[in-house]
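Notes for the one structure printed next.
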């Protein structure tokens, strides 16, 4: 028997099939009906744009902070108030020191991410696409990634001196591993059924890679990119606090020497906003490149 | 392993016999010492519609995979046309390509979008040319998959339980569509299924596979279009079910029940 839907309770006896002709079951008392609330998205949500809604959480946090400072719970020598920080930030921008520091830092991150992305992706393609590549590359990468990359700073200074090179190298190293892991996992996670379908359609080896494997690995690559950018800022902070004479990290080291918590916080905020910006870039990329994905997008 | 999966079987090369779309001789496939296909012989005439029935695990999907060219660890001779296409049980559309790009995927050269549009129109999907696969219903996705197979203008169309995942109503429509397309195209079709009714409805010849060989075959000479209510139809169905090890119910079956037991999943 094919039963394609849950039977109403009074049919259960029939389906059991033991006694097909018993007395008709007692009808249940009429159930109490209740209205289901409508969650039609067109009603309230369209009015407030998405970005504004996303901004409301951080703004509330800021408000709480300002209240704590104004009421004296949070003293200035521990943490300056948002108002002070905003003023200091404005001053730093006005005299150009913050913008130039940001420029230098951004350049370091951009270069590091670019190099790391190239290295990580190439390695992941090698070990993801070829079994020989996997044997050769994967074990070494898995071993190296357990080394905390920050611990390599002294070594990098000896190798590359104290200029830009060791800073970029640290960021590159930090970026490479998360990207490698996720692109590799993405490639190996491509549905074998789709590979078969591609083969049956007569795709060549390269055609399979281009039309099936790489697009299939894209979600993984995007996750990897997110992780990578997170690590990139982290690496930047470490790299810039060692032997730097420019950049946001340098500004922070200076501020520490003069006990300026306000400047330190300004720099932290700048880091945070840069991170937020990077996240925005990845989000945009995901929206453009992964619109085909049949996944849950939240309610 | 004397296997040439890609050699085209043309009438003159096949010699004195009639033109064939599939010729399989002494085919064996072993999985970990277990012979899933064991010395199988099979010929499908050019333009013939053959249905392959069998219980789950009898090797019919393995056979189809071999004919598609996806499984080459085989012994024996397998001859299939170069132009062949497969539609699987799941539509297997690339989710990152729009429907029309899916249809053109793997075609040689740089085919125009119009080619895909024509193929999609043939399966009644011309309004979803630009859709993402995730927005298609089950029946639509299966039709898109069929269009992707047909656009290759195959001499042999391999169908691996293509209606298995569809709901009953969509399945009837899809079966009709396949029947019509086959009559228009005139290509040979090998339909792997576990639905006896479907096999009798569509095929010229029904094969029953068991223990890695074709254990039984029945010519279906009912006039087309076929009617499930036809007494000859019921007779063939009972006969085939018998060969599949499903005995006919003893009391006179009501139509709804007969249907349910005929499609007993293998």
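Quick reminder: no glycine exception, Cβ is built from N, Cα and C everywhere.
Automatic, uncurated: that is what TrEMBL annotation is.
What TrEMBL records for A:1-10 (among others) is compositional bias 'Pro residues'.
Marked as region 'Disordered' by TrEMBL: A:1-44.
What TrEMBL records for A:22-34 (among others) is compositional bias 'Pro residues'.
What TrEMBL records for A:102-282 is domain 'ABC transmembrane type-1'.
Residues 136-138, 141, 167-184, 186-188, 209, 213, 217, 221, 224-225, 228-229, 232-233, 235-236, 274 of the same chain lie 6 or more positions beyond the ends of the transmembrane segment (A:109-130) yet place their CB under 8 Å from a CB of it. What TrEMBL records for A:109-130 (among others) is transmembrane segment.
What TrEMBL records for A:142-162 (among others) is transmembrane segment.
For the transmembrane segment (A:168-187), the list of distant contacts is 108-109, 111-113, 115-117, 119-121, 123-125, 127-129, 138, 141, 144-145, 149-150, 152-153, 156, 159-160, 213-214, 216-221, 223-225, 227-229, 231-232, 234-236, 238-239: same-chain residues at least six beyond its ends, Cβ to Cβ under 8 Å. Under the heading transmembrane segment, TrEMBL lists A:168-187 (among others).
Panel annotation: around the transmembrane segment (A:258-282), residues 76-80, 84-85, 88-89, 92, 98, 102, 105-106, 109, 222, 225-226, 229-230, 232-233, 236-237, 248-249, 251-252 of the same chain, lying at least six beyond its termini, place a Cβ under 8 Å from a Cβ of the stretch. Marked as transmembrane segment by TrEMBL: A:258-282 (among others).
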